[in-house]
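S.K.: Quick one: the structure is below, questions incoming.
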Amino acid sequence: MNHPQPITMPIPGHIDPVPVPRDLKPRVDGRIDLLGLSRDDLRMALETAQLEPRQAKLRAKQLWHWIYNRGATDFAVMTDIAKDMRGWLDQRFVVSRPEVVEAQVSTDGTRKWLLRSDDGQDYEMVFIPDADRGTLCVSSQVGCTLNCRFCHTGTMKLVRNLTPAEIVGQVMLARDALGEWPSQPEGRMLTNIVMMGMGEPLYNFDNVRDALKLVMDGDGLALSKRRITLSTAGVVPMMARAGEEIGVNLAVSLHAITKEVRDEIVPLNRKYGIEDLLQACADYPGANNARRITFEYVMLKDKNDRDEDALELVRLIRKYRLPAKVNLIPFNPWPGAPYECSDPDRVARFSDLIFKAGISAPVRTPRGRDIMAACGQLKSAAEKKSRAELDRMAAEKQAALG
C-alpha cells in the first residue's frame, strides 16, 4: 500500500501562545460576567462595584451557591437575596452561558454542541453517556497549535485560548441540558470530565487550572478530581505543574513509540521526545496503581500497529515503572484524513499482546462517529459550514424560542 509522504509540520510554539487578558472586561451592555470567577475575584468584583467589603463577602457566598450549586442565570430567582439587591446586581452583572449554535444527537446517544463565544469564535463539546457513567469532553482552545496529523482539530489554526468562563461554561451548559440542578453528588448523569476536546490544555494552563478548580469546588459543581482527566500531547515542562496545581488524572496522547513515526503524527515530539515525555510521566505527582496514567494510542493501519510496536510500548512502560493503562482508539475517519483505521483483527492482536504483559489495554468503542463527535473528529463547524448558514440556524433557534 502506498502511503502519503510525511509532511513537515511546524513545531508548536511556547507555552500559552495566545494569552487571554485576565482583567474583568465589561460586555457590550456594560455588565460584568460572574461566571468563571474565583471566590476572591467574585468578591472583588462586587467591591469594585462599590459594595462595602462586609456586604461583598456575604453576597459573594450567596452568589456562589446560586451560580454553581443551583445553576441560576437570573438574579430574580435568588430568593435569599433582597429584592432591591437583586435589581442592583442585574444592572451591573450577568451569569452567562455559551451560545448554542447547533446541537446534535448521535444514534448511540452521544450529544455534540457547537458553541459560539461573544467574539464570534466557535468551539465544540461532547457528552458521552454510558450505563455506569456520563463523560463530558471539554475544549480548552479554539483550534489547536499541535498539528497532529490524525486529528481533525489539528487541521485548524489556533485562534485563541478559551477563558475560564468559556471552559466551565461547557460544564454548566451540559448540566442545563441534562436537568441536573441543583448540583448533587449522587444519581447524576454527568459524572466525569475529560479535557480532550479542541486544543492542548497545557498550552492554556492558567485558564484550564482556574476552570477545573471551579468544577472541583465542594460547595458548587463538586466533581471529584478523581473523575477528571486532563489529556496532553506531551507538553513536558508543564506536566509536573499540572499534577501539583490541579491534581487530576493524566492522559497522554502517545500514539507511537518510535521517534520517526511520532515526529510525523505528533509534531510536538520533535520538541519533547518520547524519553523525556515518559520521564515526566514517571515524575507526575499522585500517579500510583490506584490512579494510573492513561496512554492514548490511535490505531493507524500499517503505521503504528505492528506486534513490534505493542511489545516496545510494553518495554517502555516497564522501563519507566509507570502505573499505566493503554487506551487503544480505532482511528475515526474524517474528510481528507491521510490515514486508515487498523483492521479489527490487528487491533485485537495489539491489545492482546499488551494484556498478556499485565497491562490493561482496552479497545475504546467509537462513539458519535455519525455526527463527527468521536475522538479526533472535532473541528469547528464554522470551517465546515458557511457563517451565513450558521447565523440562519441561530436565528431560527431564537425564533422558535419566541
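All positions are counted from 1 along the displayed chain.
Every residue gets a Cβ built from N, Cα and C, even glycine.
For GLU124, the entry in Swiss-Prot reads active site, proton acceptor, with the evidence type sequence analysis. Sequence annotations record features per position, and here Swiss-Prot assigns domain 'Radical SAM core' to 130-370 based on sequence analysis. Annotation source Swiss-Prot lists disulfide bond at CYS137-CYS375, citing sequence analysis. Sequence annotations record features per position, and here Swiss-Prot assigns [4Fe-4S] cluster binding site to CYS144, CYS148, CYS151 based on sequence analysis. As annotated by Swiss-Prot, S-adenosyl-L-methionine binding site applies to GLY199, GLU200, SER231, SER253, LEU254, HIS255, ASN332, with the evidence given as sequence analysis. Residues or ranges marked as active site, S-methylcysteine intermediate by Swiss-Prot on the basis of sequence analysis: CYS375.
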S.K.: Please list residues from the chain of HIS255 (S-adenosyl-L-methionine binding site) whose Cβ is under 8 angstroms from its Cβ, counting only those at least six apart in sequence.
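M.R.: Non-local contacts for HIS255 (S-adenosyl-L-methionine binding site): CYS148, PHE150, ARG262, ILE265, VAL266, GLU296, TYR297, VAL298, LEU300, ASN304.
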S.K.: For SER231 (S-adenosyl-L-methionine binding site), name the DSSP secondary structure in the helix/strand/coil scheme.
M.R.: strand
S.K.: I'm trying to understand the geometry here, so how far is the Cα atom of GLU124 (active site, proton acceptor) from the Cα atom of LEU254 (S-adenosyl-L-methionine binding site), in Å to the nearest whole number?
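M.R.: Rounded to a whole number, the Cα-Cα distance is 23 Å.
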S.K.: Measure from the Cα of SER253 (S-adenosyl-L-methionine binding site) to the Cα of every one of the recorded positions CYS137, CYS144, CYS151, then give the nearest.
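M.R.: Nearest in space to SER253 (S-adenosyl-L-methionine binding site), counting only the recorded positions, is CYS151.
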S.K.: Starting from the Cα of LEU254 (S-adenosyl-L-methionine binding site), work out which of the recorded positions (CYS137, CYS144, CYS151) are within 10 Å.
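M.R.: Neighbours among recorded positions: none.
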S.K.: Per 10 Å Cβ neighbour count, which of the binding-site residues SER253, ASN332 ranks highest?
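M.R.: Result of the Cβ crowding comparison: SER253.
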S.K.: Find, for the listed recorded positions GLU124, GLU200, the residue with the lowest Cβ contact count at a 10 Å cut-off, counting only other Cβ atoms.
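M.R.: Per-residue Cβ counts within 10 Å for the recorded positions GLU124, GLU200 bottom out at GLU124.
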S.K.: How big is the Cα-to-Cα gap, in Å, between ASN332 (S-adenosyl-L-methionine binding site) and CYS137 (disulfide bond)?
M.R.: 16
S.K.: Starting from GLY199 (S-adenosyl-L-methionine binding site), work out which of the recorded positions listed here (CYS137, CYS144, CYS151) have their Cα within 10 Å, and give them in sequence order.
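M.R.: Among CYS137, CYS144, CYS151, the ones whose Cα sits within 10 Å of that of GLY199 (S-adenosyl-L-methionine binding site) are CYS144.
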S.K.: For CYS137 (disulfide bond), which of the binding-site residues CYS144, CYS151, GLU200, SER231 has the nearest Cα in space?
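M.R.: So, of the listed binding-site residues, the one sitting closest to CYS137 (disulfide bond) is SER231.
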S.K.: What is the interatomic distance between the Cα atoms of SER231 (S-adenosyl-L-methionine binding site) and CYS144 ([4Fe-4S] cluster binding site), given in whole Å?
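M.R.: So the alpha carbons of SER231 (S-adenosyl-L-methionine binding site) and CYS144 ([4Fe-4S] cluster binding site) sit roughly 14 Å from each other.
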S.K.: Fill in the CA-CA distance, GLU200 (S-adenosyl-L-methionine binding site) to CYS144 ([4Fe-4S] cluster binding site), as an integer in Å.
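M.R.: The Cα atom of GLU200 (S-adenosyl-L-methionine binding site) is 7 Å away from the Cα atom of CYS144 ([4Fe-4S] cluster binding site).
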S.K.: Given the S-adenosyl-L-methionine binding site residues GLY199, GLU200, SER231, SER253, LEU254, HIS255, ASN332 in the record, what is the largest Cα to Cα distance, rounded to whole Å?
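M.R.: Maximum Cα-Cα distance: 19 Å.
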S.K.: Of CYS144, CYS148, LEU254, the binding-site residues given in the record, which has the fewest other CB atoms within 10 A of its CB?
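M.R.: Counting other Cβ atoms within 10 Å of each of the binding-site residues CYS144, CYS148, LEU254 gives the minimum at CYS148.
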S.K.: Helix, strand or coil for CYS151 ([4Fe-4S] cluster binding site)? Use DSSP.
M.R.: coil
